[in-house]
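Chemist: I'd like to ask you about the structure that follows.
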């Protein structure tokens, strides 16, 4: 082991494209850790092929390896770049597996590369459940005995001793989440057959099922001196049997006794010490509610959505602190930025609010997927609600999870009783709504608890919300009722709907009765210290802690939880925009509910409001902050319209402005121009590729730049594009679409549209010009004509770039097929001097083969 | 639920909803920052005559459990919370919090901006009296201002007569100043044959029982109000047998050995402070609950060694006698509620007793 | 079969208690020097010294004594008496209070050799003995002043002390021969 103080170069294994299992939380942590490394004089290089990565923007191009995250590529970089150390904890399980392979084949030893954050032996155990279980057993931590089987016959021999239900899990799976609960032999055999295929070693494990136990997660941090801090406990409302990523999660735990909680804390610390973790450790436990016994079910010494939630809810700067720990600092010595109380890193967080995280599923865009929630994660994102009661936090989270433009909860009252019972036992994505509906129909909390294994407490809380809802119904326009409704988290839109009025009336009534939100700081000491944290949430109490930032403020509204579509790109856009606004001298305020967002970390804005991005809540923030400009995401039409009616300086960014044109049915070439006054900068000419037979515009999910055209042809298309733009009143980053006319190969203009978020990120990465910056400056009128004129872009570059959308089909177990832009979950990007290299770097070769066949030759 | 008020001696009044007993009570208002463990907190006798503001916003969620009592007859004066759930169906529960408080005539008030109060107590450092009342009128404030809080807290909560807690191991005498049960549980786990004596016991009373060790318990109020007798007892006993003191016991141990105490501007009740164990230079967390602290400068280094220190406020958290196996900690080593990593102090105590046997 | 009789936590506590007892017995740390007997006694000695440093903010000199180990498997005779073969002591022991530190106290022969070696170096004010484990079966009139743990053992058993500085962990185990 090298002296960590001597580290000069660290290679970070990036998280790759967003997919089910992780989204932008890894990118967010990566950015913060890179910033920390930089401060300590450590040079960071990174391998990642996520075109929407913010981290890649933070790194010198020479240290950036835009390549697929594979063992071969990482080895290549090690050979070339000779880093002192490698960091696996920012790339999820894949990174841990890659480093494991690099140890096994001797590469790390050969090049003297230290692993940061965990030992080689720990790494091996994370990849090998049996080895990990042996270690945990040796230190008397209870584990579920998993037995490895190579064949179905072996499994049959174990059935009697384990008993049903049992769980089949592939050994060292290629994906994060494949566990199957089997009730009988037939189910087991099916699961084994699938599992053998998914395993890197063609093996599966069999183990006792703890379905119905409480699932509790613990997030801790440890330094080289073995000081440990328990950062946060997370309680899954749904019990074991539903993947924690598909469960509603509450923090701090609400239905654990102190003894149960402390026992898990003890176990967490013992495991952290035994495994020699430096940095963050995220554990899962199955807790038997009947007798307080527990099992350790997952050991994850890397960044994850659980860690992100812990950071958001406690206000503890986990990534910042981890960065310092990785370089060998001790918790007692860590110096945090001045907004934190001096000793924050070493104080065990204690909080005085409740956070609830609700997952978001992609079933609207992928309707043929099985919508049942089970042990394989299906959610693509999540959204949180923070409040001062479980009701308030829960209702805020539900409101943010439903995407109702008017902030009204959908009803599932059309379910038959039979359907409802079935869904209580075999939950679907609308789980929470069904639970509420069952209470509405008169089921008692303890009955429902029996049926669902969800703790009775949560039904008592939901029922309380229904009582308040009834009170709202019974007392139209009553201010006491309004006070209670807002106190418990009801949105203005919900109240307005029940009272059959509009939100303006509700707001007027509230103002008259002085029922105003009070914002509370999200900080890790529960008021013990005068922290100066930048995160806030609303409640309706006595003291408001949020003071307006003052002059020149910009309020940026986030898009809420991650969904399919351009969300990762939007996150990139939002983060870069915030940076630019700050650089332009604005005080920046972000409002968002996605705990995994990059931009929600305090590093990127002066203030963050974690509140539903709904009209009433937005207006409340505007009332406190009086922002000079408000920036609304393009997909929020109702919100935009309503805000537009008020005296608010509104910008719809990223641009979704109507061009007044019907989009064309299809296009094969896109020419992007940055239009500013009379200037029209040609940014790129790209092929718009459709992997499937369907050539429609919605199927364009891959892009190549420069387009496969003769150089002169590209230039002539640019001229045509400029002409097309001149004929229209458009500004900003514009894409002119071309398609062959009729049967001829003659390319003609078929449409003009604002450049989509995904392509905007692509263009920035390819041209090396931060177009989000340009666009933001254009909007706030600080864009310098001369600066713009100086931008030189080689439209005929020999370097080829390719971006290809990633889809969640495989993880949702639906047929692999060409997806549409609405079904994108993320994307990969690759550069190369030759076509072959470019294409081999992309993840989905099957699709790309099709692309190659169609576009080359 | 009835509308009630929390009033403070600074003249402020906060409206909320009553739960638990409907009694009107007065006490010193303090805050507790622990994340969990409301039952352990409300039943701990260190809160005698105090009204507790809970930082944890949701209280009552797991009812009242048989294994979470720190005393059977709690004597706190009230609970101030943001949100209360009166649930009794948790698998271990017998009672809801509401029923429990009614039985013990302790009022609770919910719907209070507890975060505001905690911030306010911090800013307006110094003791603050308060009452939970039905009507926040001038009369209520007059009553509050006229209330004189007793300084005989230990007398009120500690046992007046000895009782045994038999087992087969080491003979331990526990001096009860308002003992929390967590201490007895830790001794029971180590099979100690315990005799609990009233705090007024003399050294002779203790030594007559021929114990292997003596433990000075936690308790409420000020150690300065208990007189010289107890300090004399400590000095005599520590010279003869291993001694372990916790909380109030620690404060008395310090006084008995010449150190001085100061009242903290704000009582601290929480478990988030790192505490350095000086001898090994490592860091632990433990539940702390203190209104007083040993003045570091007053420690006679020829008699006492400082063994633990709070890294946040610098307070002395542990002492040890130079000449005898006698040691003390300010924090609650039994970890009920709160972190468990200081429980090995009980092992240290056991080993000190064993070592004395030779 | 090996059975752990002292785990890492308990070992920490034992050393902590020994440290305090040293302070109690010696009324402080003045004139104290600590000599560790190789191999594991050296590490235990250093740990005690570091604890004293933490508590008293005084650096107590630490030295090593290398002693050919006493071997259970060879009949005891004059040739097989343990001998001090090397010392690493860069300070004078004359007039000092010497604390000898070893991991296991067994027959007492090793300690006798250590004491002779110390006496050869100069006349200390006193010699005290601290051991992590006293397993009994003394063959000489020697007794430890500070004992981490008494482990009555049969002579057939082996007591194995591991220290994290050179072994993979801190532990004391009993192994059946």
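The backbone N, Cα and C atoms fix where each Cβ goes, glycine too.
From TrEMBL, for reference:
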ACT_SITE  B:334  active site
BINDING   B:219, B:221, B:248, B:291, B:292  L-glutamine binding site
DOMAIN    B:2-133  domain 'Carbamoyl-phosphate synthase small subunit N-terminal'
REGION    B:1-170  region 'CPSase'
Chemist: Among the binding-site residues B:219, B:221, B:292, which residue has the fewest other Cβ atoms within 10 Å of its own Cβ?
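Modeler: If we count Cβ atoms within 10 Å for the binding-site residues B:219, B:221, B:292, the smallest count is at B:292.
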Chemist: DSSP on the domain 'Carbamoyl-phosphate synthase small subunit N-terminal' (B:2-133): how many residues come out helix, how many strand, how many coil?
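Modeler: Across the domain 'Carbamoyl-phosphate synthase small subunit N-terminal' (B:2-133), DSSP assigns the residues as follows: 28 helix, 48 strand, 56 coil.
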Chemist: Give the sequence-ordered set of same-chain residues, not counting B:219, B:221, B:248, B:291, B:292, with Cβ within 8 Å of the centre of the Cβ atoms defining the L-glutamine site.
Modeler: B:46, B:153, B:220, B:222, B:223, B:247, B:251, B:290
Chemist: Listed in sequence order, which of the binding-site residues B:219, B:221, B:292 sit with a CB under 8 A of chain A?
Modeler: none
Chemist: In the structure shown, which of the recorded positions B:291, B:334 has the fewest other Cβ atoms within 10 Å?
Modeler: B:291
Chemist: Where the residue listed as 'active site' and residue B:219 (L-glutamine binding site) are concerned, what is their Cα separation in Å, rounded?
Modeler: 14
Chemist: What number of additional C-beta atoms lies within 10 angstroms of the C-beta atom of residue B:248 (L-glutamine binding site)?
Modeler: 31
Chemist: Given the model, what does the mean pLDDT over the domain 'Carbamoyl-phosphate synthase small subunit N-terminal' (B:2-133) come out as?
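Modeler: Mean pLDDT across the domain 'Carbamoyl-phosphate synthase small subunit N-terminal' (B:2-133) comes out at 94.
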Chemist: For residue B:292 (L-glutamine binding site), what is the secondary structure by DSSP, using just helix, strand and coil?
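Modeler: Its secondary structure by DSSP: strand.
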Chemist: If you run the three-state DSSP split on residue B:248 (L-glutamine binding site), which class comes out?
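Modeler: Going by the DSSP assignment, residue B:248 (L-glutamine binding site) falls within a helical segment, counted as helix.
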Chemist: Please give the greatest C-alpha separation between any two of the L-glutamine-binding residues B:219, B:221, B:248, B:291, B:292, in angstrom, as a whole number.
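Modeler: Site span for L-glutamine, by Cα atoms: 12 Å.
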